[in-house]
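Down below is the structure, laid out as C-alpha cells.
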C-alpha cells in the first residue's frame with residue numbers, strides 16, 4: 001500500500017538558522033530595553049558618581065553599580081513597552097516595536113523585565129548600597145507604572161510630572177558611591193528634569209497626529225502647537241539658567257560654564273526657530289539636538305571635574 005502524506009497536516013517550521021533567530025531576538029531585547037536611552041541614563045549616573053566625593057571604591061565595584069542602575073532602567077523600559085503596546089500599534093513612530101508588532105509576547109517581555117530587574121537590584125544591594133537599590137526601584141516604579149500607566153494618559157503635564165523618574169540617574173550614581181543623599185546631585189537631577197519637557201514637546205509637535213490618534217493628551221494635542229512652542233522656548237531659557245548653578249556653587253569650573261553656555265545658546269536658538277517657523281523639520285531638529293545637548297553637557301561636566309578647572 002502506497003504511503004500518502006497530507007501536505008496540509010504538515011506544520012510549518014522556522015527555517016531560519018539558530019544564529020539568525022538568536023540575533024533577531026537580541027535585537028528585540030535591545031529595542032524593548034531602549035538601549036540607547038538607557039546608555040544615556042547610565043552616562044548621567046556615571047557623571048554623578050564621578051562628581052561624588054572619592055570614598056576609595058574600586059572601578060570594578062563602580063562598574064557593577066552602574067550596570068545595576070542600567071539593568072533596572074532597562075526593566076522599566078520593557079514594562080513601558082508592554083503597557084504601551086496598544087498605543088504603540090496606533091502610532092507610526094512606534095508601531096514596529098517588538099511587543100506592539102507581536103514579535104514578542106507580553107508574557108515574554110515581562111519575564112525578561114523581571115530577570116534583568118532582579119539582577120540589577122541584587123547588584124545594587126551587594127555592590128552598592130541599600131539606599132541606591134531602593135531609590136532605583138522607586139525610579140522604576142515612577143516611570144513604568146506612575147508615568148506610563150497613569151500620568152501619560154491623564155494630563156498634558158505628564159512629561160513635566162513624570163520627568164522626575166527619568167532625571168534620577170545622577171543622584172543614583174552619587175548615592176551608589178557615597179551611600180548618602182546630598183544637595184549637589186539634585187542640581188544634576190534638576191538639569192535633566194528641566195530638559196525633559198522641551199525635548200519631548202518638540203517630538204510631540206512633530207508627531208501631533210500620532211498622539212491624537214492614540215488619544216495621548218500631549219501638550220500640542222490639548223493646548224495647540226502655538227502654546228506648546230511658547231512653552232518650549234520658556235523651558236529652554238529655564239534650562240539655561242538651571243545649567244549655570246553647578247558653576248555658581250563651585251561644583252564645576254570654567255570649562256563647564258563655557259561649554260554649557262554654548263550648548264544652551266544653540267538650544268534657545270533652535271527653540272526660537274521652532275517658535276517662528278514651526279514644522280516637522282524644525283521640531284525634529286530641536287528634538288535631535290536636545291539629545292546631543294544632554295550627552296555633551298554631562299561629558300563636559302566630567303572633563304571639567306578631572307581637569308580641576
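Glycine is treated like the rest: Cβ placed from N, Cα and C.
Remember, it's a predicted structure, so these values are computed and weren't measured experimentally.
Look at Swiss-Prot and you will find 35-55, 59-79, 107-127, 131-151, 159-179, 186-206, 238-258, 289-309 tagged as transmembrane segment, backed by sequence analysis.
The recorded stretches the transmembrane segment (35-55) and the transmembrane segment (131-151) do not share 3+ CB pairs below 8 A when only pairs 6 or more apart in sequence are counted, and are therefore not in contact. Remote same-chain residues near the transmembrane segment (59-79) are listed as 32-35, 37-39, 41-42, 45-46, 49, 109-110, 112-114, 116-117, 119-124, 127-128, 132-133, 136-137, 139-140, 143-145, 148, 165, 169, 172-173, 176-177 (criterion: CB distance under 8 Å, separation of at least six residues from the stretch ends). Residues 65, 68-69, 72-73, 75-76, 79-80, 83-84, 117, 120-121, 124-125, 157-158, 161-162, 164-166, 168-169, 171-172, 175-176, 179-181 of the same chain sit 6 or more residues outside the transmembrane segment (131-151) yet have a Cβ under 8 Å from a Cβ within it.
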